[in-house]
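Features as listed in Swiss-Prot:
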ACT_SITE  TYR132  active site, proton donor/acceptor
ACT_SITE  LYS160  active site, schiff-base intermediate with substrate
BINDING   THR44, ILE202  pyruvate binding site
SITE      THR43  site 'Part of a proton relay during catalysis'
SITE      TYR106  site 'Part of a proton relay during catalysis'
Amino acid sequence: MFKGSIVALVTPFRDGAVDEETLRRMVDYQIENGTDGISPCGTTGEASTLDYDEHMRVIEIVIQQVNGRVPVIAGTGSNSTTEAIELSRKAKKLGADGVLLVSPYYNKPSQEGLYRHFRAIADAVDIPQVLYNVPGRTGVNMLPQTVARLAEHDSIVAIKEATGSLQQASELMEMCGDKIDVISGDDFITFPMMACGATGVISVVANIMPREVARLVDAFYEGDMDEARRLHLSLLNISNAMFIETNPVPVKTAAALMGLCAEELRLPLAPLGDASRATLCAVMKSYGLI
């Protein structure tokens, strides 16, 4: 259902508030440069620092500005099952095409707890749902066997797999790739994951290089493996630079250097350190981004 280059959109702030005008411009910039879908209010969108009204407003603005041109997969995950259901219901009412549901963080549920959490959301809200497995941020890895159980539910249509493990991604696709889509959650292994059967990527890099990420995915679907491989290798340095410090600090800094938004972050995220900034600038200059 969801395929191609889907941007994990940063949330622009100015003077402590969501910068709505810039957010609208960023949506247009993505679509004009070939992005196939937009996912606001995820990790890269600093969703954990948004209050409920801000969270819903960001989703609403993105849906309005997209205006049906590409799918919108709204981040509505929470470590509270009840809250995730509420956010997902509201996103559906606003017109989201799907929701992105991160595994519950901090409370470290068992595999059975993960299953019951996602099953409860799927039972409560009739909207296409993308599971989001990112154990480096949540503290728990959702195993392929658990995903396979969840894949039996009609509302669960995909998983954003961000373990960085090709072995786990391959096991996912072997176990349930015929029932749900597997989407790369790591820019640096998009091409290898697609070679194993992934349908695309939910990308951090696409915030600053949307055309190139979209072209990589398009080349793969066109059967031009040489071009897809070339783009994969050419993007490795910028992909790595996006994670020299905690995401989304590097990508928001990069976007600010390109004039796409202000550099403003919300605590507890802090500005990029001086050494990391120098590294980021050098990498961006090598790509002609600044």
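Using the three backbone atoms N, Cα and C, a Cβ is placed for every residue, glycine included.
Taking the features listed in Swiss-Prot, we show where each one sits on the structure.
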{"residue": "THR43", "record": "site 'Part of a proton relay during catalysis'", "DSSP class": "coil"}
{"residue": "TYR106", "record": "site 'Part of a proton relay during catalysis'", "DSSP class": "coil"}
{"residue": "TYR132", "record": "active site, proton donor/acceptor", "DSSP class": "strand"}
{"residue": "LYS160", "record": "active site, schiff-base intermediate with substrate", "DSSP class": "strand"}
{"residue": "ILE202", "record": "pyruvate binding site", "DSSP class": "strand"}
Task: Cβ neighbour count within 10 Å of THR43 (site 'Part of a proton relay during catalysis') - done: 26
Task: Same chain, 6+ residues apart, C-beta under 8 Å of the C-beta of TYR132 (active site, proton donor/acceptor), given in sequence order - done: GLY42, GLY77, LEU100, LEU101, VAL102, SER103, ILE159, LYS160, ALA162, GLY185
Task: Count of other CB atoms lying within 10 Å of the CB belonging to THR44 (pyruvate binding site) - done: 24
- [ ] Measuring CA to CA, name the entry from the recorded positions THR43, THR44, ILE202 that ends up nearest TYR106 (site 'Part of a proton relay during catalysis').
- [x] THR43
Open item on the list: Let me check the 10 A CB neighbour count of the residue listed as 'active site, schiff-base intermediate with substrate'. How many other CB atoms are there?
Closed with: 28
Task: Spatial neighbours of ILE202 (pyruvate binding site) that are distant in sequence (at least 6 apart) but have CB under 8 A - done: ILE6, VAL7, ALA8, SER39, GLY42, ILE73, LEU100, LYS160, ILE183, SER184, GLY185
Task: Other C-beta atoms that fall within 10 angstroms of the C-beta of TYR106 (site 'Part of a proton relay during catalysis') - done: 8
